[in-house]
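Q: Input: one structure, supplied below.
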Amino acid sequence: MIRINEKIIATELLVIDEAGEKVGVLPLAEALALAKEKGLDLIEVAPMANPPVAKIMNFDKYRYQEIKKQKKQRAQQKVQELKQVRISGRSAQHDLEVKAKRVDEFLNEGNLVEIQLTLKGREKAHKDWAKQKLLDFIKMINPEHKVILEPRYGGRGFSMQVIKK
């Protein structure tokens, strides 16, 4: 919570004026008088500092700048998505190459990629073969990746997760 004017509880403050110049360490009463004299507010911007830092400026302008700063940070934040790529135990070599290229694209975008090898029917009895097929597929991917979850069996087959280094 931001404290302004009389709501500030510190006895001494490092005061910065509206131009960004340091005024110095002042008692609260003197800092409030200086702010009122200029027709502006005294805003505590760093309450945990020693001494706490307060800025003389228009509170509405300060609040507007803070909201604008938060929106900019949110816009710059890249949310990491989980992308899934499914391959089959019977997939042809070219099909696997196309899927590997797609995994590379996802990794270059900064996404987390889950690769699922689906098994059907009697393929489920040959888990060693399926795991090797998944590891061979991983070798097709650009080498700049990191395996987060090792191949594990569950449900319809094997799955693993990779991310760009």
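Glycine too: its Cβ is placed from the backbone N, Cα and C atoms.
What TrEMBL lists as domain 'Translation initiation factor 3 N-terminal' is 4-73. Positions annotated as domain 'Translation initiation factor 3 C-terminal' by TrEMBL: 81-163.
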Q: Give me the DSSP three-state residue breakdown of the domain 'Translation initiation factor 3 N-terminal' (4-73), ordered helix, strand, coil.
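A: Counting residues per DSSP class in the domain 'Translation initiation factor 3 N-terminal' (4-73), I get 29 helix, 23 strand, 18 coil.
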Q: Along the domain 'Translation initiation factor 3 C-terminal' (81-163), what average pLDDT does this model show?
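A: That stretch averages a pLDDT of 91.
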Q: Give the residue counts of the domain 'Translation initiation factor 3 C-terminal' (81-163) per reduced DSSP state, in the order helix, strand, coil.
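A: When I sort the residues of the domain 'Translation initiation factor 3 C-terminal' (81-163) into the three classes, I find 35 helix, 31 strand, 17 coil.
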